[in-house]
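All remarks here apply to the structure that follows.
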Amino acid sequence: GGVPPTTDLVLGATAGCLACFLTNPLEVVKTRLQLQGELQAPGTYPRPYRGVLRAAVAVCRADGLRGLQKGLAAGLLYQGLMNGVRFYCYSHAEDAGWTGYPGGTVAAGAVAGAVGAIVGSPAYLVKTHLQAQTLSAVAVGHQHNHESISSAFKSIYQQHGVVGLWRGVTGAVPRVTVGSAVQLATFASAKDWVCERQWFRKGSWAAVLAGGMVSGVAVAVTMTPFDVISTRLYNQPVDADGTGKLYRGFLDCILQISSREGLLGLYKGIGAVYLRLGPHTVLSLFFWDKLRNM
């Protein structure tokens, strides 16, 4: 508390962008792993990406070292929009005293995350398309072949209108709602817990990092299935009217992945998800908390 919501909007956006710049390579790897073997039974498809480190090497070989920062501009735009709105809404909930009620922190984080996901959805759509693009020899998922972030927005708008820019939002809202609720609730609780036991001094950077590390584990475990679904819905090819060719929606995506790829298909890329979400959670919440204090 103690920071106006409008200030939190700027601070949240800044924190998210700083974290995104450092963790975007893991986001590229995560996207490729989640699209690999789409709707195919395990063991029946080639695997150009095997594990986080080998996948990162494969990306570098195909796209060069710069390939690890594919979709960075769209990622920064998404993080700025989503986190700015998310922390703005959460700050309002704090000022209104909602987070003081039982479960208030979780509810406030969930609502804030849902609103942020809706606002940032077009940027996440373009980010996913750009990060999936690569040479045909190691391509996974549908290839949209955009030349840049601006041409991607222009192409999607010309083909499907404004509605097309929000395609896949049905997967993004549950993803960020769950992730935001778990992240903000566990971060606040963990930070208070370590301070109460006098492991770290209240307000110290160590307490903030400890809270972020615990939060990162919780977010990765709960969010990975929603993350896989979101990636698939955003990247799937569509008909002229904007209807998805592979999935009809959120529930259909869950059913198809579970039936064709097994339940573990919903946890594809969990290693990359944790390695990306862990540092991203720590960094974004650390930057946000420290910027607030400043």
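In case you wondered, yes, glycine gets a Cβ from its N, Cα and C as well.
Residues or ranges marked as repeat 'Solcar' in TrEMBL: 3-96, 100-193, 203-294. Annotation source TrEMBL lists transmembrane segment at 205-226, 269-288.
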> Looking only at the repeat 'Solcar' (203-294), what are its DSSP counts of helix, strand and coil residues?
Replying inline: 72 helix, 2 strand, 18 coil
>> So if I exclude everything within five residues of the ends of the transmembrane segment (205-226), which remaining residues of that chain have a CB under 8 angstroms from its CBs? That is, six or more out.
In response: 171, 174-175, 178-179, 182-183, 186-191, 194-195, 199, 254, 266-267, 269-270, 273-274, 277-283, 285-286, 289-290
> Averaged over the whole of the repeat 'Solcar' (203-294), what is the pLDDT?
Replying inline: 86
> What are the DSSP helix, strand and coil residue counts for the repeat 'Solcar' (3-96)?
Replying inline: 73 helix, 0 strand, 21 coil
> Tally of helix, strand and coil residues over the repeat 'Solcar' (100-193) according to DSSP?
Replying inline: 75 helix, 0 strand, 19 coil
